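Asker: This structure is in structure tokens; I'll ask about it shortly.
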Amino acid sequence: MMNNRIKRGKMAVLFKFLRTNAWILGITILCMVLFFSFIDLYAILSRTNAHRDNQWLEILIIIILLLIPVAFIYAIFHVIHMTLTGASRNLQMGSVLLSYIAVIFVFSGFYYFQSAISDLYDAKEEYRYYENLRTPAMAGAVDTYGELLHRKESRRSLHGLSATLWHGLRQKVAGWPDEAGLPPISKMIDAARLPIDDVVTFNEEAKSEVYLDCLYFSTMTITSTGFGDIFPENRLGKMFASIESVMGVLLVAIGIAIALGGLGSSGPPDNDRTGYNLEDTQ
């Protein structure tokens, strides 16, 4: 009889926890699905050239994915507000911990999405840069300056990622190993003779590798560790990394305050209707 009451009590506590944090769980799952599915959709459109004639789709994707972190931030502090106004301390701590973990995964998905889009733009700009060097107007400059004309500007969102989600000209230089670094400028110019659709292609094999790098960067950012091996290169990436870092500090501070009993009003322990108390098992 007592065992049944304990089981019912634990299930009641679990359901209460899930119900309280439904916003966090729902938005986290939605974000991860959208981030990955949109990248796969964009890769499919790139193979069919459909994305070239549908700029509104690109704008819609960017707007939706920028609004998701905003909604997620609201959801986190909405849950924290609810748990700090009468919920038990166990529920408060569990909600803060879940929010902390959810922030890591949601922002890692955003960094992944941003990396995919920026890698695509970087590969296209690299192609156009060396394509321009093939023109007669640039022939004299290429002969005079040679290797000094290698493209140095990068549009990638994160510096230090172990792979790129879009192949570019470097992968089209025949017989040049990746370990040798940047191919000679003459090889890059020759590769730019190929059609851009044959050069800029989605790197399916790099998806898991890039996401793990993004997950690592998100974890280092929220914990304020920051080893410096991966860091954002554009303003949007820096802005979201700053937001994640501040959210991490706030969640840790709130968790410490709850643990010390200095924040919010702790309600009674989580009980079910049978009178089972969670603290009876402690």
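Positions of Cβ are set from backbone N, Cα and C atoms, glycine also.
A TrEMBL annotation is a machine prediction, not a hand-curated record.
Pasting the relevant annotations from TrEMBL:
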type     : residues : note
TRANSMEM : 21-44    : transmembrane segment
TRANSMEM : 56-79    : transmembrane segment
TRANSMEM : 91-113   : transmembrane segment
DOMAIN   : 207-257  : domain 'Potassium channel'
TRANSMEM : 243-263  : transmembrane segment
Asker: Considering only Cβ pairs under 8 Å, which range in 21-44, 91-113, 243-263 makes the most contacts with the transmembrane segment (56-79)?
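Answerer: When the Cβ pairs under 8 Å are tallied, 21-44 comes out ahead.
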Asker: Roughly where does the domain 'Potassium channel' (207-257) sit in mean pLDDT, to the nearest integer?
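Answerer: Averaged over the domain 'Potassium channel' (207-257), the predicted model reaches a pLDDT of 91.
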Asker: Could you pull out which residues elsewhere in the chain have a CB under 8 Å from any CB of the transmembrane segment (21-44), counting only those six or more residues past its ends?
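Answerer: Distal contacts: 51, 61, 64-65, 68-69, 71-72, 75-76, 78-79, 94-95, 98-99, 102, 105-106, 109-110, 112-113, 116-117, 120, 165, 202, 204, 207.
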Asker: Just give the helix, strand and coil counts over the domain 'Potassium channel' (207-257), going by DSSP.
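Answerer: In the domain 'Potassium channel' (207-257), the DSSP-based counts are 39 helix, 2 strand, 10 coil.
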